[in-house]
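Here is what TrEMBL says about this protein:
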- 55, 288, 385, 388: Na(+) 1 binding site (BINDING)
- 69-89: transmembrane segment (TRANSMEM)
- 95-115: transmembrane segment (TRANSMEM)
- 127-146: transmembrane segment (TRANSMEM)
- 154-163: disulfide bond (DISULFID)
- 203-222: transmembrane segment (TRANSMEM)
- 242-265: transmembrane segment (TRANSMEM)
- 285-305: transmembrane segment (TRANSMEM)
- 317-339: transmembrane segment (TRANSMEM)
- 320: Na(+) 2 binding site (BINDING)
- 370-387: transmembrane segment (TRANSMEM)
- 423-451: transmembrane segment (TRANSMEM)
- 457-476: transmembrane segment (TRANSMEM)
- 497-521: transmembrane segment (TRANSMEM)
- 533-556: transmembrane segment (TRANSMEM)
């Protein structure tokens, strides 16, 4: 076993401060920081964090957008080179320091503490837009309590003359402009989607009410901290798997499902030259695994010091990617059926976008016995996945907890007294709700897509991952020994190659980022709408709002630290 006392001598300032955090609070008036009651709570909470809408919503839609099976090539490369090593890095960092994203980086590498602030800003962005998906799911859930599911027929007030019901058409009767009731329900009833990104119009009061209700649930599930989350995830992390299995069984039993699965698995090698495929694959790994967002560090900080986070890392990463693949089978089997039903190619069966899951899942449910019952179960699954897991951000509960905990670590005497935590959480929820109202307007889907592509994915996540690996590998440069002090043995050499030297991560990420800049084109939004200049400016502003905190903090730190640069480095 590595001698922990010897390590204290080598790094006296950092480790002594970490130990004080792990002990009892010096000020007895401060509320206790909290710790997981059992290892099972930690595993379920992290599983809930990384397994969510990033798996059942984002992964299938990115596969469909990028040509099916070809998406697996860059996805697997990023998984091995970036995903698993950085997942272990962040979880172990929180466990070693017992601090959140900001506090941990301040102790390990103060010059790069901007990583913590940037990740918290990205979490704040994700809380604004990610919860809108849950508002959509809640709308579908409420609509499921009807004698006939509204997306299963064309007799509704919002349906057009082009709508063709599922039960009374044959393929020869379908015109080129024919639409299905499930698509019209999504675009005309749920979103009331406008034809232009420049037309937001007034707030959809029904979606706004759904958004308010979901935020209320989030508040009361998070306000007591890790102890309340640890109990909630016992249900919310397990129930979705049952529903996903039901969707998979129903999907693969449909006619035409085989064609959809073949499209899902068969790669189109020509798409590998498209930089967007690589960018989407890299950001999907970071989004789904919660990397560079501070949430893994926050969850790991509640562990006991000698917890074997190394083995936990492999178990959780395998579970995450397996769930994504299974969700892909469920989605693409339904898309194969819909393509056969309409007599079109699978690539053209629906418009690729964030609403793909809200088209495929309802379509599958409408053909089950007792469709209302299954619809309620499926949309409860989506709500649970979204509430207890965020991409980025893959869980609303965990993202809020990570944000609040990081602030309370920075200002413990202010936040951990009386009801300081509850008041701070209320303010965060209220501000995020008010900004989120922009996304429940007729043009809200376009604003949502701008947030999704710029705020906590794409360039921002890639740049943070490079800085993170550089900080650990080139500056701190003893993290493998810290892990050995906790678990009693060194990680595999692949981890010592990926972040202690960091060339693999940096080259892979920088190559993808540079490639995407060389072939950059304006963002394409829902229904083929090209993002105007103001939308692109807004997107890059969201990116810079987080990424710019890295150099700003570094400059601030250097200006306020006595001595020369060489003295500071020593």
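Here the Cβ of each residue, glycine as well, is placed from N, Cα and C on the backbone.
Sequence features annotated in TrEMBL and their locations in the structure.
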residue	record	CB count, 10 Å
55	Na(+) 1 binding site	28
154	disulfide bond	22
163	disulfide bond	20
288	Na(+) 1 binding site	28
320	Na(+) 2 binding site	27
385	Na(+) 1 binding site	33
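Contact between the transmembrane segment (69-89) and the transmembrane segment (423-451) is not supported, since fewer than 3 Cβ pairs fall under 8 Å when only residues 6 or more apart in sequence are counted. Taking Cα separation as the measure, residue 288 (Na(+) 1 binding site) is nearest to 320 of the recorded positions 154, 163, 320.
With respect to residue 55 (Na(+) 1 binding site), the closest of these recorded positions in Cα terms is 320, chosen from 154, 163, 320. If you look at the transmembrane segment (203-222) against the transmembrane segment (423-451), you find at least three C-beta pairs under 8 angstroms, all six or more positions apart, and that counts as contact. Only sequence-distant pairs (6 or more apart) were considered; of these, at least three Cβ pairs between the transmembrane segment (242-265) and the transmembrane segment (317-339) are under 8 A, so the stretches are in contact. Across the fold, the C-alpha of residue 163 (disulfide bond) and the C-alpha of the residue listed as 'Na(+) 2 binding site' stand 38 Å from each other.
Of the ranges 127-146, 317-339, 370-387, 423-451, 533-556, the one with the most Cβ pairs under 8 Å to the transmembrane segment (285-305) is 317-339.
Taking residue pairs at least 6 apart in sequence, the transmembrane segment (533-556) and the transmembrane segment (370-387) share fewer than three C-beta contacts under 8 angstroms.
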